[in-house]
Amino acid sequence: MYLKTLHLSAFRNYREQQIEFDHQKTILLGNNAQGKSNVLEAVELLATLKSHRTNRDRDFILEGETIGQITAKIERNYGTSDLAITLRSPGRRTLTLNHEHLRRHLEFLGSLNAVQFSSLDLDLVRGSPDARRNWLDTLLVQLEPIYAHILQQYYQVLRQRNALLKDLRKTATEEGKSDHLSAQMTQLHLWDQQLAETGSRVTRRRARVIERLIPLAQIWHQNISGGQEILQIDYLPNVSWQEDEPLEVQQAFLAKIEQRRLAEQQLGTTVVGPHRDDVEFTINGTPAKSYGSQGQQRTLVLALKLAELKLIEEVIGEPPLLLLDDVLAELDPNRQNQLLEVIQGRFQTFITTTYLHSFDAQWLQSSQILKVEAGKIHPC
């Protein structure tokens, strides 16, 4: 998998920028706030249709413009593809693949695969459960694009069910509304079933991907830590289940919904489901979130990212792109060397940095170095 060209039009701080990538490794060099990370964000959008920096398309578009665009040419084992994302404010984004307009995001996902690693990824360890769920979901979408649709279905059901629970709480405090309350309870049972069906699809897939990721991450972690640390990763589903069978998992959902029925009605919101899942990391039996040093946390995140690379490569049959956003400065020489050694000759890699002294001479000689200044890119 190789990104040959990238064109940014009214995207972030770029008015018009064409970039041709002629090496497997590209170093984007420049001071802060010049636009280095914006290039990586454009690639991330092509791979996942999401950004870890914002959820609003308006934020991607150059100030004063109403339309922005990212276009790219990708080379894969099965041939070359042209990708384009057109962003509008106001309006909805449009996607094209080989100049054909796509009606569904699902048809675009999987065209390009990429793993992003930035200093923000330390939130995987020390951040909220939401950060870990987003990480899992982003990985799953790349491994199995249909998962984006499955996740969307679940959150649609969740929103509808929450709206009904909110109404139920209000109805329960009003007199003379017993018939209305009865009708709402009947409706709630229908949404219970929908929540169990869609939620079981989400939790089963999350459990499977964690199961595949664990041994890969443990091997990398052991190598990087010099065999001094043992990493354990546990998926903590909000609804516990034993056998990976659709009906059994759905029954576990319905049982927990019944168990939490009163609490949900009092709170007016859904407290059962994968929107409350978490992942726990422990190092030598100690929770990494609370007690891990910054060095240990960085080792853990690096091991996870290397495991992601390997897993995507195993599943799709091609190495994904690797996006390293100002991360080398965050790593000590040992971790830097581990990372650079893995990359060498295998993954097309894009690295942002403010200086070049982290790289050895051989690395610099085999890399394309681009200078980024105020939304303009040119060779060094």
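The backbone N, Cα and C atoms fix where each Cβ goes, glycine too.
Straight from Swiss-Prot, the features:
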type    : residues                                               : note
BINDING : Gly30, Asn31, Asn32, Ala33, Gln34, Gly35, Lys36, Ser37 : ATP binding site
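When other Cβ atoms within 10 Å of the Cβ of Lys36 (ATP binding site) are tallied across all protein chains shown, the result is 26. Within the group of binding-site residues (Gly30, Gly35), the Cβ with the highest number of other Cβ atoms inside 10 Å belongs to Gly35. Around the Cβ of Asn32 (ATP binding site), the same chain contributes Thr354, each under 8 angstroms and 6 or more positions distant in sequence.
A 10 Å cutoff on Cβ-Cβ distances gives Asn31 (ATP binding site) a total of 11 other Cβ atoms nearby, all chains included. Around Ser37 (ATP binding site), taking its Cβ as the centre, 20 other Cβ atoms fall within 10 Å, counting all chains. Cβ atoms within 8 Å of the centroid of the Cβ atoms of Gly30, Asn31, Asn32, Ala33, Gln34, Gly35, Lys36, Ser37 (the ATP site) belong to the same-chain residues Thr352, Thr354, Val372, site residues excluded. Using a 10 Å Cβ-Cβ cutoff, Ala33 (ATP binding site) registers 10 neighbours. Long-range Cβ contacts of Gln34 (ATP binding site) within its own chain (separation 6+, distance under 8 Å): Asn13, Val372, Glu373, Ala374, Gly375.
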